[in-house]
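Here is the structure we will look at, set down as structure tokens.
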Amino acid sequence: MEQLLLLIFLPLVGALITAFSGKSAKIVSTVISVASLGLAVFIACNFIPNASTQFEANLPWIADLGIRFHAGIDGISMLVVLLTNLLVPIIILSSYKHDYKNPSAFYALILFMQAGLLLVFTAMDAFLFYIGWEAALIPIYFICAFWGGKDRVRINMKFFVYTIAGSLFMLMGIIYLYLQNPAHNFDIQAFYALNLDGAQQGWIFWAFFIAFAIKMPIFPFHTWQPDTYTVAPTQGTMLLSGIMLKMGIYGVIRWLLPIVPTGVQDWSCLAMVLSIIGIVYASVIAFTQKDAKRLVAYSSIAHVGLIAAGIFASFNLGNLGVQGMQGAMVQMLSHGINVVGLFFVLDIIFSRLKTNKIEELGGIAKVAPQLAIAFLIIVLGTVALPGTNGFIGEFLLLMGVYNYSIWAAAIAGLTIIFGAVYMLRMYQNVMLGKTNELTLTFTDIQGTEKLVLYIICALIVILGVYPKPLLHLTEASVQHLLEQVNQKLTSVK
Amino acid sequence: MNIIITISITAFIVLYAGLFKANKALLPLTVVGLLTALGFTFASWNGNAVHFGMMQTDNFALAFSGVCIIGTLLIFLLTQNYFHAKSDNIAEYYTLILFALAGMIMMVSYKNMAMLFVGLEIMSVSLYILAGIRKKDFASNEASLKYFLMGAFSTGFLLFGITLIYGGTGSFDLDKIQAYLVDNSKAISPIFYPGVILMMIGLCFKVGAAPFHFWTPDVYEGSPTLITTFMSTVVKTAGFAAFLRLFAGAFAPLHDFYVIPLMVIVCLTLFIGNVTALFQKNFKRMLAYSSISHAGYLLFSLIVLTKNSESNVLVYAAAYTFASIIAFAVLILVKQKTGSDSFESFNGLGKKNPLVALSLTVAMLSLAGIPLTAGFIGKYLMFLNVMGEYHTILVGFAILNALVGFYYYFKVIVAVWFKDGADTELSTPSQYKVVLLVSVAITLILGIYPAIILNLI
């Protein structure tokens with residue numbers, strides 16, 4: 001319990017310290033984020049990989065309203081907690097070459113967001129979950145709107161209103177569940193035990209699904225995403241794409257599936273269709289992008305679409321669904337690592353050449369071989385080459401989709417090939433070919449850039465070759481979840 | 001009772017101090033008086049005393065008295081450098097505000113409708129004068145006249161309603177009226193119903209709910225900003241307490257009857273308040289319209305009556321009061337420097353004035369209803385209350401309105417942090433700093449741990 005409280009409150013206290021640390025904010029925030037990574041690793045080492053909820057903290061908070069500070073970690077939470085605490089130090093390190101104005105505020109907001117994210121990923125109380133959900137949104141809004149690029153105010157307002165719209169309807173759903181719960185509290189186990197009829201489940205499904213779909217984003221709720229990713233400062237983009245979108249996926253797994261399985265089942269066909277449309281649509285648009293950052297943004301929609309499709313395809317298949325779900329787990333982690341890597345490479349290029357336009361670049365590999373190798377590994381991880389981390393997840397996910405429908409799997413699989421084409425073409429046009437006047441001046445990576453890229457590349461390869469510990473971590477919890485869903489589905493029938 | 005006496009005596013003392021030109025002593029005297037009154041509020045806790053059958057200082061009354069007194073206290077602290085620049089006769093300001101406060105204490109603790117009327121009039125007459133206290137200023141005169149005409153008009157409605165209810169029940173006493181409704185639930189006098197509606201209209205005028213809100217924007221804009229602060233925060237809180245005492249107390253047995261017109265009023269108020277606020281270019285006018293929309297959320301508490309309705313209103317009113325005080329305080333500072341109260345004058349405020357800008361941000365987040373601020377808890381309680389009877393469509397409508405609210409509150413945040421401006425450094429007097437810090441602290445504490453006032457009533 002103490003470990004978990006420390007895990008959540010360390011970044012929060014760290015944010016306060018960083019806010020008053022003036023010029024040394026970079027160092028202070030790095031130390032704090034590395035410490036919280038250490039703590040997360042420590043917790044992971046003491047974590048027993050079974051289906052139980054561990055390190056549980058259950059304290060009274062607002063007793064009159066049935067709200068408790070109830071948090072805990074099971075396999076699924078453990079994975080995303082590790083992802084969060086791994087990526088935050090990487091993201092902070094990746095900012096070392098930047099001189100943001102008001103650094104103390106910048107780094108404090110990152111740490112504050114981390115606390116919100118950890119709250120989301122460990123909350124066992126719906127109200128606490130909602131608080132974390134919003135607490136993660138406010139800092140990222142400020143990060144993107146204050147340090148972002150051109151037209152940041154308008155674009156971030158759109159992003160903000162979109163996400164908050166989703167979350168308000170989710171709040172309505174949470175209140176509804178609370179009122180249905182005879183014990184009048186927000187406890188997740190009590191929500192799981194609720195016996196709602198089909199119509200109620202359908203409404204709750206939509207109340208939650210829209211919030212999660214906007215966050216991920218699933219087509220057609222994605223329109224905020226490319227603009228926001230493009231204008232945000234690189235660290236903001238990394239936080240959004242690396243960690244924040246996992247909030248949506250995690251929400252689906254933790255709250256949507258077990259609470260309203262019948263509602264999900266009734267609408268899963270539509271959710272599948274939307275996810276797959278998203279994959280195709282985003283891939284097609286990614287093809288035509290001239291800006292590398294936008295291309296990666298669209299590719300991210302496609303990848304998330306596959307994760308969502310995998311989840312909606314496998315949630316009611318019982319043991320058969322374990323593969324698809326496990327794929328979603330691994331892919332959450334892999335996508336986080338890969339997309340952060342991609343955005344970092346593009347940031348390195350942008351900080352030197354002040355452009356991310358694909359046609360203006362070329363031949364960087366000649367002048368910067370180390371960057372070229374790292375970039376290649378990340379791109380290969382993204383296109384799911386066997387032996388990289390992307391492969392395991394996408395393979396399992398496709399298997400899950402295949403179990404649902406061979407056609408869906410065919411379409412999704414085809415777009416993965418598309419993905420390989422546009423990613424590799426982007427790599428080719430940016431790194432290979434003739435060096436032009438602009439790219440001639442390019443200097444290879446150094447210092448923290450090297451460190452960050454090496455870490456990312458190492459993770460891509462290690463997780464690709466030996467994903468077993470990861471799969472082992474989540475397996476029991478995933479199995480338990482699917483059993484729970486199945487039980488509830490059959491009891492309703 | 002001793003609360004009203006303390007406040008009234010303070011008002012007289014301040015008036016005499018003004019007569020002898022002891023301008024330096026005004027604020028300390030007032031603060032001491034108000035703190036004493038606050039002390040009496042705490043001392044009478046759980047006393048539930050009935051005074052001459054006219055007033056009842058139950059915990060509901062005391063809690064709202066407390067919020068009103070603290071709010072007034074903070075507003076008095078904002079008078080530093082404010083009145084002195086404008087007028088010589090500053091003692092009148094102090095006295096009139098104190099008299100208005102005394103009226104409000106009656107409004108939150110009446111047990112007899114005659115007291116409601118007396119309290120309302122003491123408050124309103126003081127406010128008519130305060131709104132027009134800048135004698136040479138055209139807008140201030142207009143505000144005063146409008147407020148007076150509309151106020152007199154609405155008092156007419158209220159009085160007529162009281163008369164009809166008296167005609168139906170033969171009593172002004174709240175308990176007796178309620179007993180009458182319970183005993184004769186099958187045969188309620190037909191003149192009682194129009195009485196309820198007329199009283200509802202009269203009170204809606206006072207709290208500025210649509211479609212009886214037309215006076216608010218002009219009056220709020222024309223009055224001196226400090227008086228606007230007072231009107232839109234403390235006065236509104238008292239008005240809602242009076243509303244609640246009547247409709248959640250005495251008229252509760254008639255809930256099924258008045259809930260339908262009330263729902264119409266709520267929807268109109270939310271919609272008109274939010275949508276009109278969206279198009280304002282002037283910060284002060286935006287706050288005026290936003291105060292209309294908050295009246296809509298506050299009325300949610302009457303749509304479903306539960307044992308928590310009263311404490312919900314208390315939380316919401318406190319959240320709204322303290323956030324608005326911050327917003328108006330910053331407005332006063334900005335206007336003193338730039339002479340304008342448009343959104344543009346807030347541009348780039350964050351660069352040179354971090355404390356002011358941060359406070360304003362917290363206030364806007366709270367008004368918008370972002371978690372970890374008091375405003376969220378308030379909105380949450382209201383939604384929870386209404387969802388209790390599954391008025392899902394109403395909540396959905398309120399959520400859409402809240403989204404509109406996000407947009408215009410964030411416009412302020414955008415101006416403060418993300419727009420380039422003149423980089424002027426505001427001169428922030430020490431008392432303003434105190435007010436800002438106290439209000440921010442209250443907003444955050446209520447947001448993170450609302451349990452401290454949830455159980456009060």
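Every residue, even glycine, has its Cβ placed from backbone N, Cα and C.
Model, not experiment: these values are computed from the prediction.
What TrEMBL records for A:6-22 (among others) is transmembrane segment. A Cβ distance under 8 Å defines the sequence-distant neighbours of the transmembrane segment (A:6-22), meaning residues of its chain 6+ beyond its ends; these are 28-29, 32-33, 35-36, 39-40, 43, 71, 81, 85, 88, 104-105, 107-109, 111-112, 114-115, 118-119, 122.
Residues or ranges marked as domain 'NADH:ubiquinone oxidoreductase chain 4 N-terminal' by TrEMBL: A:6-119.
Positions annotated as transmembrane segment by TrEMBL: A:27-49 (among others). Within the chain carrying the transmembrane segment (A:27-49), a Cβ under 8 angstroms from the stretch's Cβ atoms is held by residues 3-4, 6-7, 10-11, 14, 17-18, 21, 55, 73, 75, 78, 81-82, 84-86, 88-89, 92-93, 107-108, 110-111, 114, 472-473, 475-476, all 6 or more beyond its ends.
Residues 4, 7-8, 11, 26, 29-30, 33-34, 36-37, 39-41, 43-44, 47, 49-61, 107, 110-111, 114, 117-119, 121-125, 128, 187-188, 235, 238-239, 242-243, 246, 250, 253-254, 329, 332-333, 336-337, 340, 448, 451-452, 455-456, 470, 473-478, 481 of the same chain sit 6 or more residues outside the transmembrane segment (A:69-93) yet have a Cβ under 8 Å from a Cβ within it. Per TrEMBL, transmembrane segment is recorded for A:69-93 (among others).
Listed by sequence, the residues of this chain that lie at least six past the ends of the transmembrane segment (A:105-121) yet keep a Cβ under 8 A from its Cβ atoms are 7-9, 11-12, 14-16, 18-19, 25-26, 28-29, 32-33, 36, 71, 77, 80-81, 84-85, 88, 91-92, 95, 128-129, 131-140, 142-143, 146-147, 235, 239, 243-244, 247, 250-251. If you look up TrEMBL, you'll see A:105-121 (among others) marked as transmembrane segment.
According to TrEMBL, the feature domain 'NADH:quinone oxidoreductase/Mrp antiporter transmembrane' maps to A:123-415.
Among the features that TrEMBL reports, transmembrane segment is placed at A:159-179 (among others). Residues 66, 126-127, 129-130, 133-134, 137, 141, 144, 185-186, 191, 194, 200, 203-204, 206-208, 210-215, 221, 223-224, 227-228, 259 of the same chain lie 6+ residues outside the transmembrane segment (A:159-179) yet bring a C-beta within less than 8 angstroms of a C-beta in it.
Packing against the transmembrane segment (A:236-257) from elsewhere in the chain are residues 76-77, 80, 83-84, 87-88, 91, 94, 110, 113, 117, 120-121, 126, 129, 133, 136, 140, 143-144, 147-148, 188, 191, 205, 208-209, 211-217, 228-229, 264, 293, 297, 300, 304, 307-308, 311, 315, 325, 328, 332, 336-337, 339-340, 343-344, 481, 485: each is 6 or more residues past its ends and has a CB under 8 Å from a CB in it. The annotation transmembrane segment is assigned in TrEMBL to A:236-257 (among others).
TrEMBL lists A:269-288 (among others) with the feature transmembrane segment.
Residues or ranges marked as transmembrane segment in TrEMBL: A:295-317 (among others).
Listed by sequence, the residues of this chain that lie at least six past the ends of the transmembrane segment (A:329-350) yet keep a Cβ under 8 A from its Cβ atoms are 76, 79-80, 82-83, 86-87, 90-91, 94, 97, 234, 237-238, 241-243, 246, 249-250, 292-293, 296, 300, 303-304, 306-307, 310, 356, 361, 364, 371, 374-375, 378-379, 381-382, 389-390, 392-394, 396-397, 430, 442, 445, 449, 452-453, 456-457, 459-460, 463, 467, 470-471, 474, 478. Feature annotation from TrEMBL assigns transmembrane segment to A:329-350 (among others).
Proximity of distant same-chain residues to the transmembrane segment (A:371-392), defined by a Cβ-Cβ separation under 8 Å and at least 6 residues beyond the stretch ends, is recorded for 299, 303, 327, 330-331, 333-335, 337-339, 341-342, 345, 348, 364-365, 416, 419-420, 423-424, 426-427, 430-431, 444-445, 453-454, 456-457, 459-461, 463-465, 467, 471. Residues annotated as transmembrane segment in TrEMBL: A:371-392 (among others).
Annotation comment: TrEMBL describes A:404-424 (among others) as transmembrane segment.
Long-range contacts of the transmembrane segment (A:451-467) within the same chain, counting only residues at least 6 positions beyond its ends with a Cβ under 8 Å from a Cβ of the stretch, are 90, 93-94, 330, 333-334, 337-338, 340-341, 344-345, 370-371, 373-374, 377-378, 380-381, 386-392, 445. Residues annotated as transmembrane segment in TrEMBL: A:451-467 (among others).
Long-range Cβ contacts of the transmembrane segment (A:295-317) within its own chain (Cβ-Cβ under 8 Å, at least 6 residues beyond either end) map to 216-219, 222, 225-226, 229-230, 237, 241, 245, 248-249, 252-253, 257, 261, 264-265, 268, 271-272, 275-276, 278-279, 281-283, 285-286, 289, 323-325, 327-328, 331-332, 335, 339, 342-343, 346, 358, 382, 393-394, 396-398, 400-401, 403-405, 408, 412, 415-416, 419, 422-423, 426, 482, 485-486, 489. According to DSSP, the secondary structure content of the domain 'NADH:ubiquinone oxidoreductase chain 4 N-terminal' (A:6-119) in residues is 79 helix, 16 strand, 19 coil.
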